[in-house]
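**Q** Provided herewith is a single structure, encoded as structure tokens, for subsequent inquiry.
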Amino acid sequence: MGMRMMFTVFLLVALATTVVSFTSDRASDRRNAAVKAFDLISSTVKKGCCSHPACSGNNPEYCRQGR
């Protein structure tokens, strides 16, 4: 293989590595955002439910978890 061909292969490998790394970072960012949103929603619902006697009476195991 000539020097030019080896350099071209190196550039293609570097580009492919960068693209794979970039897309996997974006996917993990989406997962983290989804987990944070779920935690926020569940804590809000838990506070709302557990502050009402009827709801907390129907879900005792759910309301005891956070307290």
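In case you wondered, yes, glycine gets a Cβ from its N, Cα and C as well.
Quantities reported herein were computed from a predicted structural model and do not represent experimental measurements.
These came from Swiss-Prot, pasted as-is:
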type: SIGNAL; residues: 1-21; note: signal peptide
type: DISULFID; residues: Cys49-Cys55; note: disulfide bond
type: DISULFID; residues: Cys50-Cys63; note: disulfide bond
type: MOD_RES; residues: Gln65; note: glutamine amide
**Q** Neighbour count first, Cβ atoms within 10 Å, every protein chain included; then name which of Cys49, Cys50, Cys55 tops the list of disulfide-bonded residues.
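**A** The most densely surrounded of these disulfide-bonded residues is Cys50.
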**Q** List the Cα distance (Å, whole number) between Cys55 (disulfide bond) and Cys63 (disulfide bond).
**A** 9
**Q** What is the interatomic distance between the Cα atoms of Cys63 (disulfide bond) and Cys49 (disulfide bond), given in whole Å?
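**A** Cα-Cα, rounded: 8 Å.
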**Q** Have a look around Cys63 (disulfide bond) and count the other CB atoms within 10 A of its CB, chains all included.
**A** 18
